[in-house]
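Pulled from TrEMBL:
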type	residues	note
ACT_SITE	195	active site, nucleophile
BINDING	223, 224, 225, 226, 245, 246, 247, 248	substrate binding site
């Protein structure tokens with residue numbers, strides 16, 4: 001075993017004109033979450049518990065697009081989704097259409113641990129949450145003034161805003177057909193949503209992964225992205241743990257997270273080689289990024305966008321928080 005390792009992300013695809021203060025806020029949050037995970041790993045807490053702990057912290061802070069601060073649907077409400085996976089026995093849990101659960105990642109964990117299923121959605125997931133006694137809040141808790149303003153901008157542009165916080169130059173306020181990027185053949189604005197994720201390998205070589213998001217600003221009601229889909233946005237096995245972010249539809253088509261583990265298993269690639277391979281060969285024209293750890297204590301971040309909010313640390317003292325390449 002190579003010791004424990006941890007990585008976190010806050011989304012791939014970033015406005016190159018992102019204000020310096022916003023960059024610093026993101027780095028501070030990622031650093032805080034990394035340190036939270038490091039303390040837990042030093043206390044011999046299991047990988048799956050650390051993943052849940054760190055993502056709960058990310059969901060509680062409104063900076064990124066998960067939990068409080070989630071992107072708004074076309075009707076101005078929040079529909080969140082999350083998934084978590086324990087690589088030891090490939091157990092998993094996922095939820096979609098969450099509107100009142102304060103921490104969707106913990107509900108996904110309960111689906112894994114306390115239900116006979118792997119995935120619950122919408123009213124069924126909400127009913128399960130109440131039976132499990134999780135913390136419930138009004139949907140308004142998740143809605144921020146910034147997001148209300150960005151939804152208005154998206155509707156004026158007649159488009160989904162792929163980064164709902166920073167208006168892309170030349171697209172916001174313009175006709176959707178003026179925007180060069182497409183999703184499933186339909187025009188959208190540029191830059192990826194700020195989904196959050198965490199991957200961990202603990203001191204015993206157990207890998208785990210989790211991902212949580214509010215999805216796309218101005219998305220259709222009922223839209224489900226890659227984040228709750230096991231094998232697409234999240235995957236963990238005896239080889240590695242992976243969490244993805246970026247253009248959800250491209251990640252779904254590529255089954256991106258599972259592919260990292262598959263090429264390690266079937267092609268004998270190491271973690272860095274596996275991440276490089278899937279980013280280069282599996283995304284077609286999509287833009288995305290991922291974080292990954294291996295059972296050997298390796299940690300890798302990869303993306304084909306212009307940047308990704310990310311941080312990682314290992315037992316030997318290495319720690320890095322970065323945004324750009």
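Here the Cβ of each residue, glycine as well, is placed from N, Cα and C on the backbone.
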*Over all shown protein chains, what is the count of other CB atoms within 10 A of the CB belonging to residue 245 (substrate binding site)?*
34
*How many Å separate the Cα atoms of residue 224 (substrate binding site) and residue 195 (active site, nucleophile)?*
13
*What count of other C-beta atoms do you get within 10 angstroms of the C-beta of residue 195 (active site, nucleophile), across all chains shown?*
33
*Compile a sequence-ordered list of residues in the same chain as residue 225 (substrate binding site), six or more apart from it, whose Cβ lies below 8 A from its Cβ; state 'none' when nothing qualifies.*
81, 213, 215, 216, 233, 248, 249, 251, 252
*asked:* Nearest of the binding-site residues to residue 195 (active site, nucleophile) by CA-CA distance, picking from 223, 226, 245?
replied: 245
